[in-house]
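Enquirer: Take a look at the following structure, please.
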């Protein structure tokens, strides 16, 4: 064999040995970890169940609060007034001033929460009960007033409108008088211009 071939064979065997030793170490580590994990999980499982099944209740009773010896115990009347007054002295810790149920009922500044009916908009979408629900409030039912005279004064070309109305009336009379009715009536544009210029 040649020398380069021997070097390649030796390098391949070394790589194969490293791979086998890595696999053996991983397998030993996994079995060791599995044994330790199973023993640890056996020890941890009862504790987990105890934590899940245990429960604690928190109560707020002034009689059972442990206070430092240098602070005097407040009477219930003082506690109810202290919840209204607030944090007056900075010598007392903040957690001593807690609200009792009586304070919420006696507090004049307490505002009841908004009821859910306030936010329901059903009253806006329901039809009104009046029989005249579709009429407008600002419409006066009565004789219709003719606004033709008022409209004539509003426009600058009111004279042209009056001339046009007269011509339309003449055209209608002319059309009715003839046996065959034309689709339209041709009028002389110079006559209209003379009338408009007056």
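Glycine is no exception: its Cβ is also placed from the backbone N, Cα and C atoms.
Pasting the relevant annotations from Swiss-Prot:
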type     : residues : note
TOPO_DOM : 1-4      : topological domain 'Extracellular'
TRANSMEM : 5-24     : transmembrane segment
LIPID    : 23       : S-palmitoyl cysteine
TOPO_DOM : 25-198   : topological domain 'Cytoplasmic'
LIPID    : 26       : S-palmitoyl cysteine
MOD_RES  : 136      : phosphotyrosine
MOD_RES  : 155      : phosphotyrosine
MOD_RES  : 184      : phosphotyrosine
Enquirer: Apart from its near flanks, which chain residues at least 6 from the ends of the transmembrane segment (5-24) lie with a Cβ under 8 angstroms of it?
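Expert: For the transmembrane segment (5-24), the list is empty: none.
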Enquirer: If you draw a 10 Å sphere around the Cβ of residue 23 (S-palmitoyl cysteine), how many other Cβ atoms fall inside it, taking every protein chain shown into account?
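Expert: There are 10 of them.
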Enquirer: Any idea what the model's mean pLDDT is for the topological domain 'Cytoplasmic' (25-198)?
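Expert: Here the predicted model's pLDDT, averaged over the topological domain 'Cytoplasmic' (25-198), is 63.
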